[in-house]
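> Here's the feature list from Swiss-Prot:
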{"type": "BINDING", "residues": "ASP16, HIS17, GLY18, LYS19, SER20, THR21, ASN133, LYS134, ILE135, ASP136", "note": "GTP binding site"}
{"type": "DOMAIN", "residues": "4-186", "note": "domain 'tr-type G'"}
Amino acid sequence: MDESNIRNFAIIAHIDHGKSTLADRLIEECNGLDKREMKDQVLDSMDIERERGITIKAQTVRLVYKAKDGQTYYLNLMDTPGHVDFSYEVSRSLAACEGSLLVVDSSQGVEAQTLANVYKAIDSDHEIIPVLNKIDLASSDPEKVKLQIEDMIGIDASESLLVSAKSGVGIQDVLEAIVSKLPSPCGKSDSPLKAILVDTWYDTYLGIVILLRIKDGVIKKGMKIVMMSNNAVYQVDNVGIFTPHKKIVDQLSVGEIGFITASIKELSDCKIGDTITEEQRRCDAPLPGFRTSHPVVFCSIFPNEAGEFDRLREALKKLQLNDASFTFEIEVSNALGYGFRCGFLGMLHLEVIQERLEREFNLDLTATAPGVIYKVTTKSGEIREVHNPHDFGETQDIANIKEPWICATIMVPDQYLGVIMSLCNNKRGEKLDLSYSGNTALLKYRLPLSEVVFDFYDRIKSLSKGYASLDWEMDEYLDSEIAKLSILINSEPVDALACIIHKSKVEQRGREICLRLKDLIPRQQYKIAIQAAIGGRIIARETISPYRKDVTAKLYGGDVTRRMKLLEKQKKGKKKLRSIGNVNVPHNAFIQALKIID
């Protein structure tokens with residue numbers, strides 16, 4: 001295939017600005033699917049993506065377009081996620097392309113994730129075509145949005161394309177702009193194979209499938225390939241493309257994006273960003289890989305049935321293959337049994353993984369309170385990274401604790417600026433900058449990550465009636481007043497309910513958990529003490545009173561000492577029960593208490 005007729009491009013935008021709908025129209029225009037097969041969000045393959053109206057996994061499709069100049073072009077489209085948790089997917093997609101369609105909702109304007117994604121595209125040396133979507137809405141204001149793009153992003157928006165992806169207006173103009181304005185890929189077909197591994201996933205029938213972009217050379221069935229990071233050798237079984245259906249082809253050459261299967265059994269051999277070359281004719285040096293994405297939010301996941309542990313482990317392995325940023329390791333809890341400590345890119349990422357485990361693998365799960373990574377320095381000088389309360393150690397042995405902070409960019413209409421700033425201040429934030437573009441404020445804050453990952457995104461959406469948008473990136477670790485909150489039931493610590501929290505909020509949280517447990521734990525024949533503690537100091541306590549059996553019911557008249565003797569005997573019996581009895585905490589009580597910790 002002549003690489004001058006290939007165009008590789010990504011669609012980037014803020015969440016809900018119409019990326020996936022635009023992709024649907026491009027596929028429809030190029031006859032990628034017939035009318036019967038077309039459906040909304042055709043590239044969003046997971047049910048959860050369609051239900052939430054979001055893109056989670058970057059998807060690729062090859063379109064064949066007959067342009068007005070009479071030539072046939074092969075367009076490799078990468079649809080990317082818009083939510084901040086999945087920005088790593090965007091980075092990988094951009095590395096496989098030469099250009100980007102920057103989609104902006106013409107009624108909403110530039111939003112925080114728009115800025116973040118377009119800067120990634122600029123860093124990747126992309127040619128960028130601004131596309132103003134939803135022009136059929138009454139609130140659409142294309143001229144205002146063009147000025148906003150030039151003011152905030154600094155690219156020429158005078159020739160922005162005006163489209164309505166929903167109704168199909170302007171789709172032909174988008175396709176013509178792609179072939180005329182975006183560059184074709186560069187490379188040498190006679191050079192040794194050099195391809196970058198863009199993504200992997202597990203297919204029930206094909207095993208591990210690799211999505212790659214060919215930089216130099218060709219790849220074909222039967223060829224022996226090498227993963228340059230670990231020298232693992234495999235023989236290619238199948239070569240194919242997505243149209244968006246899987247289609248087997250003879251080979252992939254320079255500039256093409258497609259998939260291969262090679263009977264790969266080891267997940268560790270498939271590293272995202274790795275360079276693939278030919279065994280007999282290796283390339284000189286590997287391609288620069290992607291920036292490694294590290295988890296920032298951690299929580300423990302336990303099966304509600306002990307016999308489901310192995311099924312959960314296999315399910316996590318399959319999800320990890322499809323999501324390199326997701327990590328897990330075995331964990332044992334006294335209260336919840338065997339499970340896994342899992343790492344995620346954010347709370348939406350956590351919710352999506354948990355929902356996929358429950359839906360796709362039919363697992364019934366309990367998740368503990370999410371947390372972030374703290375850097376703990378002990379008095380002996382040892383520095384440890386801690387994300388599990390169980391590993392926190394004793395308070396008296398700790399010299400210093402640092403917590404991760406982020407730089408948050410919030411775009412909000414000026415009428416909601418006051419409530420958003422109040423929220424940031426309540427979250428221990430530090431204001432860095434405030435600027436305006438028209439009646440939109442661009443607010444920059446430095447915030448503790450632990451305050452952002454839980455409900456911050458939902459809160460700014462709620463306070464601004466849905467108009468505010470958020471993007472953030474890691475900043476640095478700073479000294480902080482952090483404590484481990486332990487929950488004790490009859491003086492026995494419950495590991496599943498422990499959490500790491502800022503000292504300013506620890507008493508309130510401790511009281512809330514104790515009150516919730518008091519309502520949830522059934523009464524016993526003896527008194528139950530529920531306590532919240534920091535180290536050896538009790539900061540909150542609730543008591544569940546015991547059942548009382550009337551041991552004097554059979555007495556009538558007689559000596560009062562007989563009555564006192566029976567009551568004293570009952571008192572001693574309850575004391576003995578309390579010292580040897582384990583409190584039966586219902587599984588539901590853990591789940592409800594964990595919701596408070598969240």
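Yeah, the Cβs are placed from backbone N, Cα and C, and that goes for glycine too.
I'd like to know what surrounds each of these features in this structure.
Counting every protein chain shown, the number of other Cβ atoms lying within 10 Å of the Cβ of GLY18 (GTP binding site) is 24.
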> For SER20, ASN133, listed as binding-site residues, tell me which one has the smallest number of other Cβ atoms within 10 Å.
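Ranked by other Cβ atoms within 10 Å, the binding-site residues SER20, ASN133 bottom out at SER20.
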> What three-state class does DSSP give SER20 (GTP binding site)?
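Helix, per DSSP.
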> Least buried of the binding-site residues ASP16, ILE135, going by other Cβ atoms within 10 Å?
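Among the binding-site residues ASP16, ILE135, the lowest count of other Cβ atoms within 10 Å belongs to ASP16.
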> Please give the maximum pairwise Cα distance, in Å and rounded to a whole number, for the GTP-binding set ASP16, HIS17, GLY18, LYS19, SER20, THR21, ASN133, LYS134, ILE135, ASP136.
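Those residues reach a largest Cα separation of 17 Å.
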> Return one of helix, strand or coil for ASN133 (GTP binding site), based on DSSP.
strand
